[in-house]
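Working notes, beginning with the structure itself.
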């Protein structure tokens, strides 16, 4: 796989493709992704983690921002609580293979005078409506937002500037914030970042992934629980909006070279696949039973997540 193909695989959008190709010609290129510290790291987080590993392997200098101050502003806990979660998250990410990169705690630079002045300068230029719209996909209780939540996207823009990165990675829900950065940072003599967006995956029940619904798999989940959750997962005969196939595409094949469907000879015997595309095609033709697919995905996930479970002990 060439460098460009590795960078764009499993993405939904790059803004812009021309700028990305130009960036890949540079000897030094830097990218970042930010994470609000969370009590559970799950498959939703793993989409960007997998992409950061791709970017690292493609020659990017990778920075992970552990956004403790952002989490505090977004009502996720006290500063003390979110700092503890940030350290736990770092250990999870390292256990998932996100090593040989830089981890930065947001509060280590976001309280500096230089950073705060940039935030205030940007806030002068951006209307309240633009700030609120940019937060609609990522904020809590946005029908009645706090002033701190309006500062959140402006801080994210300042992060891109202060970290000195060429590209920003995030879920497609970050798009509006990233577009603000592309529009306004050049006016403050900072380059417009290349923006790389990955999809927001469905929960295992086919609905929006949510901690309150428990429709996700944590990276620290037991083998038994992974099998139970995957067995109950929504897996329609169609390819579209199939959460089990999404796990296969975005989590299994980026990390494993092959996946084997194990079944008795009377049902066709074992069959090994070397790519997601090959497996999706076979499933669409009815050559793989949903129950067999779910079993294979569960066992593959157990293999992939074993190192992080061991690392966290």
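In case you wondered, yes, glycine gets a Cβ from its N, Cα and C as well.
Annotated features in Swiss-Prot:
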| type | residues | note |
| --- | --- | --- |
| BINDING | 32, 152, 156, 159, 174 | L-tyrosine binding site |
| BINDING | 211 | ATP binding site |
| MOTIF | 37-45 | motif ''HIGH' region' |
| MOTIF | 208-212 | motif ''KMSKS' region' |
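Secondary structure of the motif ''KMSKS' region' (208-212) per DSSP (helix as H, G, I; strand as E, B; remaining residues coil): 0 helix, 1 strand, 4 coil. DSSP assigns residue 32 (L-tyrosine binding site) to a strand segment in the three-state reduction. Secondary structure of the motif ''HIGH' region' (37-45) per DSSP, as helix, strand and coil residue counts: 3 helix, 1 strand, 5 coil.
When each of the binding-site residues 156, 174, 211 is scored by how many other Cβ atoms sit within 10 Å of its Cβ, 211 comes out lowest. Rounded to the nearest whole angstrom, the C-alpha distance between residue 159 (L-tyrosine binding site) and residue 211 (ATP binding site) is 27.
Largest Cα-to-Cα span within the L-tyrosine-binding set 32, 152, 156, 159, 174: 17 Å.
Counting other C-beta atoms within 10 Å of each candidate's C-beta, the binding-site residues 32, 152 are led by 32.
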